[in-house]
Structures are given as structure tokens and as C-alpha cells.
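**Q** The structure's right below; bear with me while I get my questions together.
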Amino acid sequence: MKSLLFTLAVFMLLAQLVSGNLYVKRCLNDIGICKKTCKPEEVRSEHGWVMCGKRKACCVPADKRSAYPSFCVHSKTTKTSTVTARATATTATTATAATPLMISNGLISLMTTMAATPVSPTT
């Protein structure tokens, strides 16, 4: 009987020491998960630090993003993405100017009209 109680006490102590995902801290009304780093397919929320703390991020999985589009998620604008956006706008302007040439060659059915859209680095 004493060995049974001792075994039970050891298992109860070991159950508390086991590391793993027994409890996952949630954020943004149980939409996101608090993690140190987000996976590439997950979106990092700006307002998740309230629930997760300063050292963790609130990561929203891709399958839950479509169901809850109302929360605020900001993607970071980098210098590379701004340069790429400007290059795309320049290409679109060039393609729009080349449309009369496409009409004379009979390729108008393959060409769609593109308009240059300005990109601000703050959004």
C-alpha cells in the first residue's frame, strides 16, 4: 500500500514537470497563439502583445484569418517591398503606354489594361 501511494505521488510530481504544449496561451479572443516567433504562413498581430507580453508575439494561423477579418493586422513595409512596388508601378505605366502597339499587332485580347497605383511606405 505504501509503494502504491509513493508511486502515485511520484507520477503526480512528474506530471507537473513534463514540458510540452499542455497549455497554449491564446490571444485576440482565442484567434491567435502566443509564440516567440511566427511561422511564415502565420500573421503577426500588432495588438497581441497585450495578452502575450513583450517577449512573445500573437500569431494568427491562416485558417482562422479568413473567419475573423475584423482584427487589425499590419504587415511591415520594408525598403525592398517599396522598391518592388515602385518597379511594378513603372512596369504597369510602360505596359499601358504600349497598348496602341499591341492593338496594331492584334494582341489586344492578351493584354489587360493596367493602371499605375501609388504606394505609400507607411501603409
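Using N, Cα and C of the backbone, Cβ positions are placed for all residues, glycine too.
In case it's useful when we look at the structure, here is the feature table from Swiss-Prot:
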type	residues	note
SIGNAL	1-20	signal peptide
DISULFID	C27-C58	disulfide bond
DISULFID	C34-C52	disulfide bond
DISULFID	C38-C59	disulfide bond
**Q** Under a three-state reduction of DSSP output, how is C52 (disulfide bond) classified: helix, strand, or coil?
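**A** Where C52 (disulfide bond) sits, the three-state DSSP reduction gives helix.
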**Q** Given a separation of at least six residues and a C-beta threshold under 8 Å, show me what packs close to C59 (disulfide bond) in the same chain.
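**A** Sequence-distant Cβ neighbours: G32, I33, C34, K35, C38, K39, E42, V43, R44, S45, G48.
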**Q** Counting Cβ neighbours within 10 Å across all chains shown, tell me which of the disulfide-bonded residues C34, C38, C58 comes out on top.
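**A** The residue with the most neighbouring Cβ atoms within 10 Å is C58.
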**Q** Under a three-state reduction of DSSP output, how is C58 (disulfide bond) classified: helix, strand, or coil?
**A** strand
**Q** Among all the protein chains here, how many other CB atoms are within 10 A of the CB of C52 (disulfide bond)?
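**A** Taking all protein chains shown, C52 (disulfide bond) has 21 Cβ neighbours within 10 Å.
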